[in-house]
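Take a look at this one; I'll ask things after.
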Amino acid sequence: MLEKLIILDFGSQTTQLIARRIRELNTYCEVYPYNKLPEDLSGVRGIILSGSPYSVYDSKAFRIELSELRGKLPLLGICYGAQSLVHQAGGKVEPCDSREYGRTHLTLRQPDDALLTGLQSGTTVWMSHGDTITSLPEGFEVIAGTEDVPNAAFRIRGEKTWGVQFHPEIYHSEEGTKLLGNFLDICGMKRDWTPASFIEATVQELRERLGDDKVILALSGGVDSSVVAVLLNKAIGRNLTCIFVDHGLLRKGEFERVLQDYEHLGLNVIGVNAKEKFFAALSGVTDPEQKRKIIGRGFIEVFDEEARKLKDIKWLGQGTIYPDVIESLSITGMVIKSHHNVGGLPERMNLRLVEPLRMLFKDEVRRVGLELGMMPHLIHRHPFPGPGLGIRILGEITEEKATILQNADDIYMSLMREWGLYDQVWQAGAILLPVRSVGVMGDERTYEYTVALRAVTSMDAMSADWVHLPYDFLAKVSNEIINKVRGVNRVVYDISSKPPSTIEWE
């Protein structure tokens, strides 16, 4: 049985960073909403309680009865999680005079404590809280503190329960990963979850789950669906039929290039031209969420139609990855934006879903692909959304706009490769804005579209920083697009990071 750690999410923006750090330590973990702890805890070796935007005293704060968890499994509370342990046990948590945010130095009071093994006294940690623990309940003891936060870390005597008021998952906490590793050792984790072990377990699981059933797989040309294709092919061979849909919103020349790539992989691929269907369905639609749902529904309908042409197809494969799942539903149940792989699907489907990468982050998918021996140019391609340029054309989608954006995007990507910037950027693309502006070309006044350029660096799509591309490069791209793409007379560069912005505009 796969051993794992569970992270209970109380709404923190850094919950997924906790998961990333744990995965980096070759340990499998899963994130669950704070009130959705699985009843079956077999295989679970420990639990981490995340931070939260709330105070323990807020009426809307996310609460569970922590006494029911204490003593059963090793427990680590981070920030709000630590404060909740103290508050529920009768200790004092009070507002800070001013919010404590940023770097500080941690003094170890009990350096021999199992959670602090190997840490240096004075190590830098990252604080981010508005409340602080001022008094610990009986049975709780301080193991580390800072100048302003004397109870920065504690443990409960006689239990494998700890709390820290700083954030070990944040990069600025110098030895945060070491602390999390110590907790994994306390939990008795083997730390043997690797790409090779994932492939072995997943292929075995797919064979058991699918048996002799036939599967069709949604191909996009991106790394996610490519890795899924190779995994499924390894598990069930010719029982896999890959479906690649041209919805008219792919990058320029993408349809032909992708078909060629997959033929080289020995996959059974059917190419479907469904441009007219998608453009007709999207006509007049401007709402981003509605567009996503239409595109998602269109995909499933096309797959359903293709499945009927084939015999005995029972499963639909998809390249859903963990950030897709996490982004689709917030902790409160409020939709952030539906993802094309996990939202926008019709209620009735004639096929069951199989999503082998559902619990992997993007960088983990790439490592799995390399372990599978896939071609580097497939593995290191920039992420490209399933709805394609459909979520990069703001406002109504038309075939004319799609052509404009394809041409602009092609210039941007080609120059990025030419300048040696492509592999330095995690994701890049052009966006067609629903904004026309006045320009002058030759002696004539123009009134044409604006294109925005986007380029970000990221590890896992949960957070992203905009890339400081050279001005000379941006000037070259702008000049080429304006001169060569009919319908565009202005180019701008997006300098927004995630959060608060998302990577895609819609």
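Cβ from N, Cα, C; glycine included.
OK, Swiss-Prot features for this one:
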ACT_SITE  CYS79  active site, nucleophile
ACT_SITE  HIS167  active site
ACT_SITE  GLU169  active site
BINDING   SER220, GLY221, GLY222, VAL223, ASP224, SER225, SER226  ATP binding site
DOMAIN    4-192  domain 'Glutamine amidotransferase type-1'
DOMAIN    193-381  domain 'GMPS ATP-PPase'
To test your reading of the ATP site: which residues beyond SER220, GLY221, GLY222, VAL223, ASP224, SER225, SER226, same chain only, put their Cβ within 8 Å of the Cβ centroid of those residues?
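Those within range, site residues removed, are LEU219, VAL227, VAL228, GLY319, LEU378, ARG381, PHE384.
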What does DSSP assign VAL223 (ATP binding site), in three states?
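Assignment for VAL223 (ATP binding site) reads helix.
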Work out how many Å separate SER220 (ATP binding site) and the residue listed as 'active site, nucleophile' at their Cα atoms, rounded off.
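Computed Cα spacing between SER220 (ATP binding site) and the residue listed as 'active site, nucleophile' is 40 Å.
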In whole Å, how far is GLU169 (active site) from ASP224 (ATP binding site) when you measure between their Cα atoms?
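The Cα atom of ASP224 (ATP binding site) is 26 Å away from the Cα atom of GLU169 (active site).
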At a 10 A cut-off on CB-CB distances, which of the binding-site residues SER225, SER226 has the highest count?
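By the 10 Å Cβ neighbour count, SER226 comes out on top.
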Which number gives the other C-beta atoms within 10 angstroms of the C-beta of CYS79 (active site, nucleophile), all protein chains shown included?
25
How many neighbouring Cβ atoms, not counting its own, are there within 10 Å of the Cβ of GLY221 (ATP binding site)?
20
Given SER225 (ATP binding site) and GLU169 (active site), what distance in Å do their CA atoms have, once rounded to a whole number?
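For SER225 (ATP binding site) versus GLU169 (active site), the Cα atoms are 29 Å apart.
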Within 10 Å of the Cβ of VAL223 (ATP binding site), how many other Cβ atoms can you find? Include all protein chains, please.
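Other Cβ atoms found within 10 Å: 24.
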For GLY221 (ATP binding site) and GLU169 (active site), what Cα-Cα distance in Å is obtained after rounding to a whole number?
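Distance between the two Cα atoms comes out at 33 Å.
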Distance between SER226 (ATP binding site) and GLU169 (active site) at the Cα atoms, whole Å?
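If we compare the Cα positions of SER226 (ATP binding site) and GLU169 (active site), the gap is 30 Å.
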